[in-house]
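For reference, the structure discussed in these notes is given below.
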Amino acid sequence: MNDVSSAPSESLTEYFPEDLLHVVRENQPLRETLWLGIGGPARFLAEPVEIDQIEKLYTAAREKQLALRVLGQGSNVLVREAGFDGLVIKLSAPATSGLEIQGQKLVAGAGAKLTHAVIKTVGEGLGGLEHLVGIPGSIGAAVVGNVSAEGRDIGSVVESIEIIDEEGKRKTLTGDEAGFAHRQSTLMGTVVLSVTFNLEPKDVSALTKRMQKLWIHRGQRRPSESNRIAMPFIDPDSISACELINSTGLAGIREGDVSLDSAAPHYLIAHENATSDQCVKLIGRVREQVLMQTGIDLQLNLQIW
């Protein structure tokens, strides 16, 4: 984000100290940064260029009782039409999205793309993340949600996580302290700054072949008719969300201008003129029907702001 050239509004100066005004803007649209491409604006949107600024933003939000959210790649976020009445911190600057190899470890900024991290580590002959290639989202979101694929979750290779905790204190947690479980962790409510992964040296050629095979497979399953997509549900322990939705006859179900893909129903598609309200209604209908027919309570992968 470029510095704001005009004088800051009274609202900005009321909520944020002077040394943050150049990284915060008011009433900013979010839809351009979200995969679904719908929803209203953020009351305040900040794009910090230094880690210290994130700490100061967090402190300002706490002091002014502003709701706060962190935005990475926007692949699992749905914003309602009314927008988000609070502060959104977008992690897009190099200081928050870098990738650095240190021996057999990867130090990744929370805003870095997960797939970029996979490609970098595979190229360095380091195994442990290659099975996650093609999964959308940022490192921070992937770790908070303990994303998994091929029977292995990302938490299994996390050595440490640098965070700002719920009290605004910067600290480093071990992987064990993050409370990793099936598609969850105890990191929700914190701001993840960076993650260190402990990986295993492996043959570059073998890793590359495995990564390419998985990438092609996932690309073939992704809906081709639309780029405005999201995966709204977490796979239950015993069955994938795709299989579960197919088994209940809900593939292709539609609510206004929003639908589940007919071939890969774990994908939600926002067609032209789609709204966030339609997304919420469709998700609710699917969860209700799946619960009635199978007894399984589908949990949300999508964050609704």
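These residue numbers are counts, starting from 1, taken along the chain as shown.
Note: Cβ is positioned from N, Cα and C throughout, glycine not excepted.
For reference, Swiss-Prot has these:
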DOMAIN    37-202  domain 'FAD-binding PCMH-type'
ACT_SITE  R183  active site
Whole-number mean of pLDDT values that fall within the domain 'FAD-binding PCMH-type' (37-202):
96
Using DSSP, would you call R183 (active site) helix, strand or coil?
coil
